[in-house]
Amino acid sequence: MDQNFLESQKQVLLKMREELRQKLKEKYAEAISFGTEDGQDSADEAYNLYNKNIMLGRVETDALKLNLVEQALKRIEEGTYGICIECGCDIEEKRLKQVPFARYCVDCKTELEKKGLIKM
Ligand SMILES: [Zn+2]
């Protein structure tokens with residue numbers, strides 16, 4: 001793979017990691033402090049719990065993404081970045097530009113998603 005391309009992907013991933021880390025920190029703080037004020041009736045509580053779950057759901061998605069970004073950075077270091085971890089073929093640069101942390105080629109991703117094995 002082109003070194004320049006690899007380097008620019010690395011920069012994108014590092015930036016992504018920083019942003020995700022920051023976002024997660026804020027969201028966790030928000031979700032945890034949410035609905036802990038005093039003087040609410042049970043309807044408020046149910047509503048707050050509902051919102052809290054949505055928020056935590058979003059936190060989970062970001063945490064998953066952060067994990068994928070970290071894995072991608074590791075693969076850059078190991079020299080296996082851009083190789084589909086399922087079938088071993090090269091992932092198209094176009095796809096890597098769209099999804100810098102892509103682990104699978106389009107074919108494998110489609111197949112795995114169909115089977116419900118992956119979400120991202
Ligand atoms: Zn593949």
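Every residue gets a Cβ built from N, Cα and C, even glycine.
Just so you know, TrEMBL annotations are computer predictions that nobody has curated.
What TrEMBL lists as coiled coil is 3-30.
Among the features that TrEMBL reports, domain 'Zinc finger DksA/TraR C4-type' is placed at 79-114. Using a Cβ-Cβ cut-off under 8 Å and counting only residues 6 or more beyond its ends in the same chain, the domain 'Zinc finger DksA/TraR C4-type' (79-114) has close neighbours at 1, 5-6, 9, 12-13, 16, 65, 68-69, 71-72.
Sequence annotations record features per position, and here TrEMBL assigns zinc finger to 84-108.
Taking Cβ pairs closer than 8 Å, the coiled coil (3-30) reaches residues 55, 58-59, 62-63, 65-66, 69-70, 72-73, 76, 81-82, 93, 96, 100-101 in its own chain, all 6 or more past its ends. Remark: secondary structure over the domain 'Zinc finger DksA/TraR C4-type' (79-114) totals 15 helix, 2 strand, 19 coil, with classes taken from DSSP.
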